[in-house]
Amino acid sequence: MLSHSAMVKQRKQQASAITKEIHGHDVDGMDLGKKVSIPRDIMIEELSHFSNRGARLFKMRQRRSDKYTFENFQYESRAQINHNIAMQNGRVDGSNLEGGSQQGPSTPPNTPDPRSPPNPENIAPGYSGPLKEIPPERFNTTAVPKYYRSPWEQAIGSDPELLEALYPKLFKPEGKAELRDYRSFNRVATPFGGFEKASKMVKFKVPDFELLLLTDPRFLAFANPLSGRRCFNRAPKGWVSENIPVVITTEPTEDATVPESDDL
């Protein structure tokens, strides 16, 4: 059984064969129209028009990249030519100096003579020597560096009001004003007869209580209240009656003989 792709291909071949039979040889010259444009072709076609702002920018960038590529190529070719010329000159100089004495390595220009004493101006331009005006720092002392102070801080430092506004301080507690001695008219509950007779009328008696010893059973009952509770657990009992006692004899029972009759 053919697959789906094979069946589709076979149907296309059959359709093309039928059209060839109908139209004959004119099929090859038939105008099928314009090919369907893919997104890439559409974008390139839009970039080729100068009416679009994006297309103009694209052309400018393309020209700039081409210019950079050509300039870079010229620079590389020029550098290669200079390198080849230098190599040829070196070979010529080497061939001329084969019989002569070898020269030492050439020193770059503006190099100070090592035999002369070093000049601070040559070593570090602008350096005139060690600072002699400032005394050396003493041992175990810290030099306070000068810090930058903005004009705003200088203006605030001269005005105490601005300084207090910038660095607020906590409010100090104000002194309490002395209260005036007012007479109180609040009513107080007074006992009958006045406060003088209240001590005689009101009497309090301490209640009597009895101290229990540790060995007292009442104290033990209070200490362990579960000890005096009634137990409802059932104890196992035998198959005996509670009212009638059962007498068990150990004497052996005698076999009662049955008298035989005369007929037997």
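Backbone N, Cα and C atoms are what each Cβ position is placed from, and that goes for glycine too.
As the structure is a computational prediction, the values presented were derived from the model and not from experiment.
According to Swiss-Prot, the features are:
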| type | residues | note |
| --- | --- | --- |
| MOD_RES | Arg53 | omega-N-methylarginine |
| REGION | 90-135 | region 'Disordered' |
| MOD_RES | Ser101 | phosphoserine |
| COMPBIAS | 106-120 | compositional bias 'Pro residues' |
| MOD_RES | Thr107 | phosphothreonine |
| MOD_RES | Thr111 | phosphothreonine |
| MOD_RES | Ser116 | phosphoserine |
- Message: With every protein chain in view, what's the tally of Cβ atoms within 10 Å of the Cβ of the residue listed as 'omega-N-methylarginine', excluding that atom itself?
- Response: 8
- Task: Please state whether DSSP places Arg53 (omega-N-methylarginine) in a helix, a strand or coil.
- Result: helix
